[in-house]
């Protein structure tokens, strides 16, 4: 799948131009073999997958213009000129396989980060550290690096930090903190659809489930592990980007034994994409369970539930019944087995699939206009569909007469009097589809609730291992309310992430005896405020319009513009300004289209229908809305989708903030789902959306360069070779002397207890000083090198003289003979 022009524009906007090219010595001559990255090249024009090329700077360059020759990917060999503003520093002579932390690179500009990740990815090193993150790139093939042997390798290592980056290393670290400090942990796994979040979560679960002694009771662990196929069946779907896309957020709490193995657990699901239940884009599917059920059900189930073919159901896209690499029949059998392993009995399992059949059947019921009670557009059920409607209600264990009444009859209370009218066709259709969505969502949550009742510890969790599986920032061509909710979630997580990084930096400074006054960072509090602050924010004005008579999407946008235009994080749109608006998110500006915002935010099942469900004679169905407060008639503040989302998100963040977090960022390397294929624009967009570039920027705060004394001496020994080789000085004294000789100002450096701290410009100046020293020695080195070569050659000849003379003697002897 080719890169779109929109993606290319987005990717190029992300690139930060911060490199100060230090290609010249004191006399203005180009350093020999000096390499840079540039985004100017015929290769880039021809191949949209490439954003940068590596070049060598040639003589004839100056401070404004550089003459360069492209070397990677190989070019024509012909020099060409570029503006110095189109050049970035390069990490020359760095082996990406020799270390796994991007933050240790001298240069962490955009092309350097992309190149580092690419080299590792192409050599099947899919895990890289960008402290405190682990970056995981989807290999689209089995690398054999998540086997039981690999689990033992990371679990049993005396020091796992010496092993290469891996999600098992993250799991080991979190587990060590959980048991060593008795503090709850959370592993946050995020990434876009198809990036490998689900697989990463599975493998971490597998690590936690591994036991050293194998003696623990596996009853609860089996139930927890069995939940994965069920959660995927009900919460995952085929999208354009991913055949197994998770369309909900998941937070798990696990109690893990000191010896390994999961003792207890709990699952919270949120942000389920309900719109997918009733409609899907071309080449996409609804949730897997529908297709698994229709294909995998035996003849008895098909007869009992009146099942038809996939193309016979209006709620299912008829164009994508099958998916490459997915066996729906086999997966259905796995779901049945998993439901049983979750301790659901046969009757409960039958009710689950009866409800699913009922949802599909209700979707086929046509709502039409009829003339009733003097109204020409009154809603009615098509005469030919009455039996279908009754069958749907029967399958969902609901009274058809009561449901019919609530779908068609509109009741209002005026002055204490009850007035009955009729819903119009559109209103009744919305109510019907809301019932379909509500039944599915509540069924999904009931399955999870039932699981939790069997696996949660008595008395609750003391210290737990949390796992959050969540999408990263979403930026589409058309961004709606779903994207707004997802991006609000990510802003909350971003605040948590920045606070953690800042806290860790502050601790390092304190431990090394360095003042934290140099640490300054930008908070995203203003963005969060403009999005969801009580009373004056995007969500509060949306709720106002949902509750106001005559509220509309346009009035909502206008209210935002009038009240928020002075806030720099809210930007009125220039095109279609009556329905579009822009939020200046952490990752950049995102434009939202307000079409159907009010409709989606009011997508709450009416209290009268909820009451019918609660009154069902079936225990499973009556339990779907158990505990929910019924509000009949008018909607109230707090009952809307946005309010429910914020309450749930606030609770989730409170829980996460009480833990020690660990971060795994999953990257999708290409849209073709092929191994060893690298698409730079798409990857860069993800690096930005997942705050990976932001993490590297945060590492640059204050004294961004930090190395142990020995590491510093190894890197900069040629600044003053006499000092670095002076055996009478200890490592700290050597570092101190080299820094004084370099002439760096005091505000550029600090020497801690075990480390050297330098500001970014200070590290660059030191690198330049070392290059100039090496240039000064170049002629001397060449003479010494030639003398050594001559000596070695002479010594080699002398060592072989006797042998050569013997060979000559043998040859002469044969010639004489």
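Positions of Cβ are set from backbone N, Cα and C atoms, glycine also.
Residues or ranges marked as ATP binding site by Swiss-Prot on the basis of similarity to another entry: 191, 192, 193, 194, 195, 196, 197, 198. Under the DSSP three-state reduction, residue 193 (ATP binding site) is assigned to coil, being neither helix nor strand. Cβ neighbours of residue 193 (ATP binding site) (same chain, under 8 Å, six or more residues apart in sequence): 239, 241, 242, 245, 246, 471, 668.
Residues or ranges marked as domain 'Myosin motor' in Swiss-Prot: 97-771.
According to Swiss-Prot, the phosphoserine annotation covers 19. In the three-state DSSP reading, residue 19 (phosphoserine) counts as coil.
Look at Swiss-Prot and you will find 661-671 tagged as region 'Actin-binding', backed by sequence analysis. Same-chain residues lying 6+ beyond the ends of the region 'Actin-binding' (661-671) with a Cβ under 8 Å from its Cβ atoms: 1, 117, 121, 130, 132-138, 140, 167, 170, 173-174, 185-197, 200, 241-242, 472, 496-497, 500, 677-679, 682-683, 686-687, 690-692.
The region 'Tail' annotation in Swiss-Prot covers 773-817. Long-range Cβ contacts of the region 'Tail' (773-817) within its own chain (Cβ-Cβ under 8 Å, at least 6 residues beyond either end) map to 25, 31-32, 718-719.
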Same chain, not part of 191, 192, 193, 194, 195, 196, 197, 198: whose C-beta falls within 8 angstroms of the C-beta centre of the ATP site? Give them in sequence order. 138, 242, 245, 246, 471, 666, 668
Taking only same-chain residues 6+ apart in sequence, whose CB is under 8 Å from that of residue 19 (phosphoserine), what do you get? 87, 88, 89, 107, 109
Validating a neighbour-count step here. Other CB atoms within 10 A of the CB of residue 195 (ATP binding site): how many? 26
For residue 198 (ATP binding site), the three-state class that DSSP assigns: helix
Which chain-mates of residue 192 (ATP binding site) that are at least 6 residues away have a CB under 8 A from its CB, listed by sequence? 241, 471, 472, 474, 666, 668, 686, 689
